[in-house]
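TrEMBL has this to say about the protein:
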ACT_SITE  S140  active site, nucleophile
ACT_SITE  D311  active site, charge relay system
ACT_SITE  H340  active site, charge relay system
DOMAIN    46-346  domain 'AB hydrolase-1'
Amino acid sequence: MNVSEIISHWGFPSEEHLVETEDGYILCLHRIPHGRKNHSDKGPRPVVFLQHGLLADSSNWVTNLPNSSLGFILADAGFDVWMGNSRGNTWSRKHKTLSVSQDEFWAFSFDEMANYDLPASINFILNKTGQEQVYYVGHSQGTTIGFIAFSRIPELAKKIKMFFALAPVASLEFCTSPMVKLANFPDLLIKDLFGVKEFLPQSKCLKWLSIHVCTHVILKELCGNLFFILCGFNERNLNMSRVAVYTAHSPAGTSVQNMLHWGQAVRLQKFQAFDWGSSTKNYFHYNQSYPPTYNVKDMTVPTAVWSGGHDWLADVKDVNVLLTQITNLVYHKCIPEWEHLDFIWGLDAPWRLYNEMAINPLA
């Protein structure tokens, strides 16, 4: 099932909206306008925008059961729920003039997601709903692009009522995920291995594996362990009966350039824009010979942070450094046992995180 079919399957209203960015990318937003029992409630509903992480898509918020998925929980709690899809993933593979077969389509990283995707999505949502502000929930790379956009685009930051940062990532000095090994490879080798276009898109092969391998009684644990190897281990907190659903949608793809940008972040230990490889190219893109640095301290949006003690991607030490840079930090909670994916799929996420978000801070 696709995302809209999953939403409808559980008895929730489902909508799809297409948004065009300033640079011509066409993004798909999934919407759950209300819950199953509160559709007759009058008056405007508070709007919440959920933004997925790296190699992910909007399905992250609805692939568990309704009482365990953040998208459904917020809808039943009275929120108008919107879920974004970054350029290049399964649901956002169109452009006004470019084709996915062209190299130019894939010449983007999380810079463009922050500078173009987020403003376009948030402004569309506000125009559609008539609201003046949204609650923003980001996971992993979803927090990264939030930190960039809200610190560099003040007029956008004013439209964010509160920023909920789950497993936030800005610097990667202490990251221990095996994925950082890619950062040690020369960019030319990465391009030789993966090309210059898309990186780990959802494919027929992956779908076949999710159906025939990840549903197998024994082999589904292997599929689950692949997630743990990349993100950290907390195997007791993953619902193994849902692994085939997760792998049917993840990975959802991104650009090779985006992965190169993350590699630069690991190697240089700097939170900065993509380095195009020469002072001439950087000057063309940034009007200066080196990539501009992102300064989280420039962001004034009220921000609540949740982090995990066993998170190999958003390491506790990196998060602690980040916390000192968040000017308007209103809340922080570290859940000692959690790894990177517990924030979206953890069995105990509803009572350790989601209910807290829906009932307390969002009230």
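Placement of Cβ uses the backbone N, Cα and C atoms for every residue, glycine included.
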Cβ neighbour count within 10 Å of H340 (active site, charge relay system): 28
Cβ packing number for D311 (active site, charge relay system), 10 Å threshold: 29
